[in-house]
Amino acid sequence: MQHEAGYREARLPASDGTLAALVLLSALKGADFQLLPSSFRAMEHELSMRPDLLGLMALCQGVACAVTGPLWGNLVDAGCSRKLLLKVGTGLWGLCTFLLAFTSELWAMLILRTLNGAALSMLLPVVQSFIADLTTSDDVGQVCGKVYCAANFGQVLACLIVVPISEHYILGFMGWRLALAVVGALSLLVVLLVEVAVEDLPTTWDPKRFGLLREFKKLGQFLRIGTFRVIILQGVFGTIPGAAQTFTTMYFQYLSINNHMCGLITAIRTVGEGIGGALGGYLGDKANAVSPRYGRTCVAMLSVTASTPFFYIVYMAIPREASLGLFFAGVLFTAGLLTCWEVPGCLQPMVMDIVPRRHLSSAFSWDVAIVFASGNTMGPLLVGFVAQDVFGYHQMRGSVADMSKEVREHNASALGKALFWSCLVPSLLCAANFALLFWTYPADKERHKEELEAEKADRDSHEAAWLLKDEGKLECHA
């Protein structure tokens, strides 16, 4: 099969063990991210935490990701073993999650969530660096989709297990605490799997390539790439709706939907998102084969614009009645199936198409840093602020069943309206930003191809010169 110039090839041989370890790590990351939103109502109940304090935990995690993300990327680009980084990061986040299960003080929880965010920020740049070495331009979207689907599978397990038990005592512990301890322990065990299963390319540590100043210089180089600027800007807006929807479980609980059904609804939605991510990766690869310049952008635009009507249907149009739990689940499953194509099908493969392979970890880490410092932290805070200060949400202690009907309905209405507006406006801004990729991506992709061709020609000339020199030495000896 003939490929166009600049076609990206795999550097690592196909390894089922490495891919399986990356998939499992992504599943644990998904479970870890879902633990907190699945426990919001239980934490409000047991610890009297208001929505803005729950949002503050997400803020601490996001800031930690923003600060430490470039450090992980810089370590990879400077020659540090990616396998070692996977073990260190996984061990740290497992330990933080385990300790969080035994903590009740707000200050201690904030510290542990901060350290947890610092560890989790390792996963995306390192995993994407592995994917770039394991895949070609033909199948990168499908592999990104598998990893994305695994993260959603982890979220599904967290929803199905944590939400139903979160407010019940099990073995003397509140259910949400026991879930944190189990996930933390599993994360620590996975460190052993990484040691056994992951295969990495040999690297040489070069301290001259490590340093904060070098990372900021690289960021400046990345921001000169138009497509990278668009990806960052859409990420700022595009992650707000997903982060804001961490309050969806709490919204359903105020509709008097029982915890088991809340867990089932969220799990069904997450299953849809996982299948949608895998589908998006596949569609992105197929669209890229048909139109290398515009195919992936079209897939992303379709997915983002499809999300806006679902926000209105779920949070405003469907009557706020507990009997409609399964209907909510069906709508959210359909939404997940259609609205999660852009990351595995477009954004991640695009970054690999416009950034030199040696700088990919830094590029993904800066993406994580800027997005987590903005969208993923603004979402929960925005919902908390709008619900309390705009629509008059009343923070309550005790179970929902013990509240008066008027309080339940008022808080459900406030949360629903806050969720709708916190999702709709950023989503529309995200769609507008995606349209810019029709202009920036073709030019940046062509520029990167020319750079690859120049590098290849330079390598070939050096190899030819070395061979001629070697032949000359042989002739002299003869």
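Including glycine, each Cβ sits where the backbone N, Cα and C put it.
What TrEMBL says about a protein is an automatic prediction, not a curated fact.
It is 84-103, from the ranges 24-43, 84-103, that TrEMBL records as transmembrane segment. Listed stretches 54-72, 147-166, 298-318, 418-439 were compared with the transmembrane segment (324-343); the greatest number of C-beta pairs under 8 angstroms is found for 298-318. Beyond the ends of the transmembrane segment (147-166), by six or more residues, the same chain brings 22-24, 26-35, 38-39, 41-42, 127, 131, 174-176, 178-179, 183, 249, 259-260, 262-264, 266-267, 270-271, 273-275, 277-278, 280-281, 340, 343-344 to within a C-beta distance below 8 angstroms of the stretch. Looking at 54-72, 178-198, 298-318, the range that has the most CB pairs within less than 8 A of the transmembrane segment (364-387) turns out to be 54-72.
A Cβ distance under 8 Å defines the sequence-distant neighbours of the transmembrane segment (178-198), meaning residues of its chain 6+ beyond its ends; these are 17-18, 20-22, 24-25, 28, 31-32, 35, 38-39, 83, 86-87, 90-91, 93-102, 158, 161-162, 165-166, 170-171.
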